[in-house]
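This report refers to the structure that appears directly beneath it.
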Amino acid sequence: MEFLLDLHPDAYPLEGFRRRQLLEWVFVQGVGTFDAMTNLPAEARAELARSYHLNPFREIETVRSADGSVKYLFTLTDGRQMEAVYMPYLDRKTICVSTMVGCPARCAFCATGAMGFGRNLTPGEIVAQVLAVAGGEGIGPREIRNLVFMGMGEAMLNYENTMQAARILLHPQALGMSKRRVTLSTVGIAKGIRQLAAEDDLGIKLAISLHAPDEDTRQRIIPTGAANSIAEIMAAARDYQAVTGRRITLEYTMLRGINDHLWQAELLADVLQGLVSHVNLIPMNPWDGSGFESSTEDQIQAFYDTLEARGVDVSVRRSRGKDAGAACGQLALKRPGAVTGAA
């Protein structure tokens, strides 16, 4: 039996008006069973149910943060587990989705990296996170207008499935998201960055998890070599910008005594010369056994001031969902106060 959400909307079964009805049930109404699609003929519903399924999850658990963020812990039909994070703001609703079970990049300060790599998610398993979160929050799927591929996994190492998921997210008859509100984050896969630049029909935004401006420090905190060298990453970033004209976000997790020295701020400014970019400084979010601490507020401010004085567009990102284990770098299938529900 095929998973319907793995298909591009243009390849959905049924024809013409009936296909549009099917797409509306799935992506606008968020219906999870074919029986509920009452304006489709009974014969069509029966045939769909024989050939396709709509739900890749065996179980869904939630952990709610005091700041309104919600971590969703999904158990897939094969027993594997992964997570997504819902972040409501006054002016928007954002979701952070996973592209893998675990992650092969093994960033030393990231709880997901400590899990190791399980498997790639399919396009439908990525998209289904949005539908499941919308259902869990009692909102329509299209009310979630911002999406970041920043959950578990290195999206560039699951490239084809992630691109298919992005096309489904953007499709006007599916979730209809704006390409300007979808961001893909990578630890620095130069080949993938160049491939993304060539995806003319997408136009989604790019964020690079740099975390250090010098090779010695970067190899210490990203030890597996999943990413390219800083020089290779920045060359690919410049190629990407030359093709797309888009600003690139650089993510920089602040690790006390590791990558927060002022000479590293100066070097980072040098590395970014000529690139239209924005740097997000992210205080490290704690997790058991990490062996790292966040930089102090004073050191983060000094690092910020040094970059700003050099003309770098920079901000400090305050993570949400820390108390639920849902903040950046904390996703590791932990369940403080989880609430379980049937999928």
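Cβ from N, Cα, C; glycine included.
The active site, proton acceptor annotation in Swiss-Prot covers GLU83 and rests on sequence analysis. Residues or ranges marked as domain 'Radical SAM core' in Swiss-Prot: 89-323. Under the heading disulfide bond, Swiss-Prot lists CYS96-CYS328. Feature annotation from Swiss-Prot assigns [4Fe-4S] cluster binding site to CYS103, CYS107, CYS110. Per Swiss-Prot, the feature S-adenosyl-L-methionine binding site maps to GLY153, GLU154, SER185, SER209, LEU210, HIS211, ASN285; the stated evidence is sequence analysis. Annotation source Swiss-Prot lists active site, S-methylcysteine intermediate at CYS328.
The two recorded residues, HIS211 (S-adenosyl-L-methionine binding site) and the residue listed as 'active site, proton acceptor', show a Cα separation of 23 Å. Taking GLU83 (active site, proton acceptor) as the reference point, the recorded positions whose C-alpha atoms are within 10 Å of its C-alpha, out of CYS96, CYS103, CYS107, GLU154, SER209, ASN285, are CYS96. Most buried of the recorded positions GLU83, GLU154, judged by other Cβ atoms within 10 Å, is GLU154.
Here the candidates are the recorded positions CYS96, CYS103, CYS107, CYS110. The one whose C-alpha lies nearest to that of LEU210 (S-adenosyl-L-methionine binding site) is CYS107. In this structure, the CA atom of SER209 (S-adenosyl-L-methionine binding site) is 15 Å away from the CA atom of CYS96 (disulfide bond). SER185 (S-adenosyl-L-methionine binding site) sits 13 Å from CYS103 ([4Fe-4S] cluster binding site), taking the C-alpha atoms as the reference points. Closest to ASN285 (S-adenosyl-L-methionine binding site) by Cα-Cα distance, out of the recorded positions CYS96, CYS103, CYS107, is CYS107. Here GLU154 (S-adenosyl-L-methionine binding site) is compared against the recorded positions CYS96, CYS103, CYS107, CYS110, and the shortest C-alpha distance is to CYS103. Long-range neighbours of CYS103 ([4Fe-4S] cluster binding site) (same chain, six or more residues apart, CB within less than 8 Å of its CB): CYS110, THR112, GLY113, MET115, GLY116, PHE117, MET152, GLY153, GLU154. Cα spacing between CYS107 ([4Fe-4S] cluster binding site) and CYS96 (disulfide bond): 18 Å, rounded to the nearest whole number. Other C-beta atoms found within 10 angstroms of the C-beta of SER209 (S-adenosyl-L-methionine binding site) number 25, with every protein chain shown included. In the three-state DSSP reading, ASN285 (S-adenosyl-L-methionine binding site) counts as coil.
Candidate recorded positions: CYS96, CYS107, CYS110, LEU210. Fewest other C-beta atoms within 10 angstroms, CYS107.
As a whole number, the greatest separation of Cα atoms within the S-adenosyl-L-methionine-binding residue list GLY153, GLU154, SER185, SER209, LEU210, HIS211, ASN285 is 19 Å. In the predicted model, residues of the domain 'Radical SAM core' (89-323) average a pLDDT of 93.
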